[in-house]
Amino acid sequence: MPSLEPWLWGDSCSWLGMLAMLRLRLHKSNMDFTCLFCCSLAFVLYLNTLGAGFVYDDRRAILANADVSGGTPWQRSFSNDFWGTPLTDSGSHGSWRPLCVLSFRLNYLIGGGFAPWGFHLVNNLLHCVATALVVRVARTLLASVWAVLAAGALFAAHPIHTEAVAGVVGRADLAACVCYLLTYLSYLRHMRWRESGDPRQWLALGATLILAAAGLLCKETAITALLVCALFDVMRGLSGQVDKQRLRSVCIVLGALFCMAYCRLVIVPGPQTAFSSADNPIARTPSAWTRLLTFLYLPVFNLRLLLQPNVLSFDWGMDALPRVTSLWDRRNAQSACFYSVLVGVAWGSCRQLLSGSKEVTHCGVSSTFPQYHIQKVASRKSRSKRKRLANNTKYQAFEAAYHQQQQEALPCRDCNNNNSSGYVYEGSSPVAQAPAQAPHLVSSAFRGSRSSSSCSNSTNSSSSSSSSSSSSSSSSSSLSGGFQCSSKDYALEGMSPANRHACVLIMSLSFLALPFLPASNLLFYVGFVVAERLLYLPSVGFCLLVGYGVSKLMSCNQRTRNILLLSFSLLLAAMSLRTLRRNADWRDEESLYRSAIAINPPKALGNLGSVLSSQGRYEEAKQVLQEAIRFRPNMADVHFNLGILHQNQQVYPAAVECFQRAIKFRPNLAVAYLNLGISFIALGKRQQAIEILQAGSNLDGAAVRDRTAHDQARSSAYLQLGALYVEQGKLQRALAIYREALSSLPGLPQQREILYQRIGDVLGRLQQWDEAERHHRAALELQPNQVAAHLSYGITLARNSSRASEAEMWFKRALKLAPEQASVYHHYAEFLSLQSRHHESAIYHRRAAELAPNDYTLVVAAATAMRLLDRKVDAEMWYRKAVALRPGDAHAHTNLGAILHLLGRTNHAAASYKAALRLQPGDAITLGNLAKLGVTNV
């Protein structure tokens with residue numbers, strides 16, 4: 001009877017192989033689901049940002065940036081800063097992020113303009129990509145699936161990321177993080193291909209450098225990615241994973257880092273002016289001791305934001321973070337503990353790696369003998385050198401050990417290959433094993449051979465039983481946290497447990513500290529104290545540390561694992577809820593500023609007052625702005641906003657006081673000069689207005705941050721000044737003012753177009769028709785689709801009776817460009833009225849009033865046009881609307897009384913006349929109309 005034992009043995013082996021393959025697929029499936037879960041969590045948590053608008057810095061960086069709206073060539077993004085100001089300008093912020101600006105421009109082109117949801121959607125997707133890359137990075141350092149899941153989920157849900165994702169300008173941090181992580185992963189691929197001798201290693205190295213440069217073009221902090229890559233390569237060498245090409249790769253990476261840093265710091269211009277004291281008051285503190293203690297505390301405070309993100313703010317400037325002025329401040333103890341732990345962990349990890357390197361050097365732990373030493377003889381061109389090397393006793397011993405290993409490895413070719421570095425782990429301590437014939441294997445971390453795998457053919461009963469017991473224990477632990485990442489992703493394969501522990505800690509701290517270092521104020525001062533969006537990239541290291549802690553705790557007993565899973569689930573839920581609530585704060589500016597009142601009262605209240613004032617909520621805005629001034633009396637912006645509020649309420653004396661205070665606290669605030677001049681004009685103080693407008697138009701703008709807004713305010717001051725001279729009949733003086741504005745403001749095409757129009761109007765009044773037409777043509781060349789240029793040209797031509805038909809053509813072109821603009825209909829109606837075409841004029845006057853029913857001037861013009869056509873009932877309707885718009889205007893009541901008089905409704909007419917006299921006693925026209933009604937006693 002034939003024996004069934006071989007068949008049963010073969011069948012059992014096949015089943016074991018199938019189970020092994022199934023388990024491997026489950027592991028891969030779990031890792032895919034990990035990435036899918038984390039990305040889905042990231043996307044869902046930020047879905048409520050799609051309905052948000054542009055807030056805070058978004059307005060200047062996006063809405064007011066010509067590099068985004070297409071007002072400048074796309075190449076200009078590389079010579080302008082993040083806000084659209086030339087880097088060579090004295091007021092440039094110095095932040096150079098051209099790729100981020102170009103992404104905004106692409107958003108603008110594809111989304112059909114400034115549609116906020118498109119910008120927010122891209123930010124959300126970038127956060128999902130960054131989350132997926134964090135999972136990939138975690139797989140390279142953390143062996144446990146639970147650790148990877150914890151790191152990825154925490155990164156997806158952490159509330160500290162809200163500013164970077166919900167604020168559109170945070171895209172710079174999102175894109176920099178994506179490039180940063182891709183740089184690291186690309187360099188890992190380069191290392192893997194380099195160690196296997198794959199020529200694609202150069203492709204991966206080139207991709208590493210390109211991605212690092214792209215990260216630099218997104219945000220400057222991403223340049224530290226090359227440091228992380230070089231550091232990991234060095235640690236691999238210190239851990240026994242030796243490769244003779246390591247030094248070459250590290251030198252290339254560090255050389256590229258130096259070149260990029262040189263280009264950014266030297267070739268690309270930096271900021272020309274210092275930041276304001278309100279942005280970083282600590283840097284302006286006279287006491288060096290206070291500056292040192294406070295800046296040493298800032299990393300501790302940022303770590304607190306990562307650990308406890310319940311108190312967040314859009315701005316941490318001014319005095320939001322109290323300064324550390326005394327050595328006995330308890331925050332110094334926190335700083336001391338923080339730096340002690342940081343230095344202790346870093347030093348302990350480095351000592352472990354260095355001691356492991358010495359052990360490798362002196363004990364010869366690696367069983368992966370470097371083959372290039374064996375081939376060294378054949379590569380020698382000189383026969384004498386080959387002979388001298390072959391006779392070397394150390395080389396002979398090395399070659400004998402190598403051939404012995406090759407012979408021992410032949411019978412076990414089909415054994416399991418774990419890419420071991422020669423350690424047999426007993427418990428947690430590594431035991432080095434190597435053939436006694438190899439006295440010296442590795443000279444240093446940068447010299448040696450490519451690591452390869454080895455196997456043992458020892459098959460005694462004790463090893464068999466130990467392997468079976470270890471397999472059973474590993475299968476039981478896999479249910480609780482022993483799921484291990486595949487060797488394809490895991491980059492610490494072949495290291496001892498102690499070296500793995502050291503590498504994970506150092507790499508996590510590197511991801512945490514290196515990107516944060518340029519913005520820490522420790523190396524050089526920056527224009528802020530704390531910025532939450534700057535923690536987006538460093539939080540990768542924080543999440544890796546948390547994930548590593550989870551993996552350690554998951555190796556404990558079942559009760560501890562259950563408690564850990566429950567606790568982490570609750571933590572993740574709390575983080576997610578906090579993120580959703582924080583997203584609601586970033587939905588609009590009012591909610592954002594209200595959320596920070598308790599943290600930074602002067603800045604939050606000042607910005608909130610401006611928002612409320614723009615919404616017409618004047619009384620509430622007034623209280624908020626006055627409260628902000630009580631917190632910080634020297635805020636020029638708040639005084640200016642309060643002046644604008646008074647100006648909108650036509651309380652001009654109070655507005656004048658506010659604008660004067662704003663100029664006192666910031667003498668180069670051009671827009672304050674402009675509005676102060678407008679307030680003086682409203683008060684009838686023409687001479688004072690001229691003096692203020694002249695001073696405002698002559699401001700040079702040195703050290704202002706928003707040069708575009710400053711120049712626009714200067715241009716408006718020139719226009720107001722010229723209009724004053726035109727009103728006074730000083731046409732030559734007005735002409736000189738407009739021409740001076742043209743010569744001093746060459747970089748504003750829209751403002752130049754208006755100036756050309758004004759010059760053309762003045763020249764038309766002076767009957768210099770050829771010059772007037774030339775300037776109007778110049779305005780049309782600058783802005784061919786500008787409605788105002790068409791209207792201005794038409795008005796000028798209309799003054800010349802011989803060119804009336806040509807003037808009408810330009811009015812009709814303006815109507816085609818702006819069929820819903822009331823002023824176009826009004827000017828065309830005025831032209832028709834001058835041509836005595838009153839029926840057509842009345843139609844266009846009425847259309848203008850219908851398009852702008854709250855415009856008093858247009859409503860009165862429509863009423864007058866109806867009266868001229870003897871359509872008294874229609875005229876009465878429009879005059880009543882005028883009275884409703886301006887019940888305090890005596891002329892409105894007089895006009896209504898006159899039309900009622902013509903309609904024969906004498907009692908109502910008398911009532912309107914009396915109302916006019918109450919507002920303007922003694923008006924001769926109104927008294928005469930009353931006398932016609934027979935009313936003499938008023």
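Every residue gets a Cβ built from N, Cα and C, even glycine.
Per Swiss-Prot, transmembrane segment is recorded for 2-22 (among others).
Swiss-Prot lists 35-55 (among others) with the feature transmembrane segment.
Swiss-Prot lists 56-108 (among others) with the feature topological domain 'Cytoplasmic'. Averaged across the topological domain 'Cytoplasmic' (56-108), pLDDT for the predicted model comes to 83.
The transmembrane segment annotation in Swiss-Prot covers 109-129 (among others).
Annotation source Swiss-Prot lists transmembrane segment at 140-160 (among others).
Taken from Swiss-Prot, the feature topological domain 'Cytoplasmic' covers 161-164 (among others). Only residues 6 or more beyond the boundaries of the topological domain 'Cytoplasmic' (161-164), in the same chain, are considered here, and those with a CB under 8 A from a CB of the stretch are 123, 127, 155, 170, 173-174, 312, 314, 531-533, 536, 539, 579, 582-583, 585-586.
Per Swiss-Prot, transmembrane segment is recorded for 165-185 (among others), and the stated evidence type is sequence analysis.
If one looks beyond the transmembrane segment (209-229) by at least 6 residues along the same chain, the residues whose Cβ comes under 8 Å of a Cβ in the stretch are 95-100, 172-173, 175-177, 179-180, 182-184, 186-187, 252-254, 256-257, 260-261, 264, 507, 510-511, 514-519, 534, 537. The transmembrane segment feature in Swiss-Prot is assigned to 209-229 (among others); the stated evidence is sequence analysis.
Marked as topological domain 'Cytoplasmic' by Swiss-Prot on the basis of a curator's inference: 230-249 (among others).
What Swiss-Prot lists as transmembrane segment is 250-270 (among others).
Taken from Swiss-Prot, the feature transmembrane segment covers 292-312 (among others), and the record attributes it to sequence analysis.
Under the heading topological domain 'Cytoplasmic', Swiss-Prot lists 313-510 (among others), citing a curator's inference as support.
According to Swiss-Prot, the transmembrane segment annotation covers 511-531 (among others).
For 534-554 (among others), the entry in Swiss-Prot reads transmembrane segment, with the evidence type sequence analysis.
Feature annotation from Swiss-Prot assigns topological domain 'Cytoplasmic' to 555-562 (among others).
Residues or ranges marked as transmembrane segment in Swiss-Prot (evidence: sequence analysis): 563-580 (among others).
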Other CB atoms within 10 A, centred on N800 (N-linked glycosylation site): 15
Beyond the flanks of the repeat 'TPR 6' (822-855) by at least 6 residues, Cβ under 8 Å: 787, 791, 794-795, 798, 804, 807-808, 811-812, 814-815, 861-862, 864-866, 868-869, 871, 878, 881, 885
Leading stretch by Cβ pairs under 8 Å, where the reference is the transmembrane segment (140-160) and the options are 109-129, 250-270, 292-312, 511-531, 534-554: 534-554
DSSP three-state assignment (helix, strand or coil) for N800 (N-linked glycosylation site): coil
Interface check, the transmembrane segment (534-554) with the transmembrane segment (165-185), three or more C-beta pairs under 8 A: yes
Folded-back contacts onto the repeat 'TPR 8' (890-923), same chain, C-beta under 8 angstroms, at least six residues removed: 856, 860, 863, 867, 872-873, 875-876, 879-880, 882-883, 929-930, 932-933, 935, 938
Residues from the same chain, set at least six apart from the ends of the transmembrane segment (250-270), whose C-beta lies under 8 A from its own: 87-88, 92, 94, 96, 187, 205, 208-209, 212-213, 216, 220, 223, 226-227, 229-230, 233-234, 446
DSSP helix/strand/coil residue counts for the repeat 'TPR 8' (788-821): 28 helix, 0 strand, 6 coil
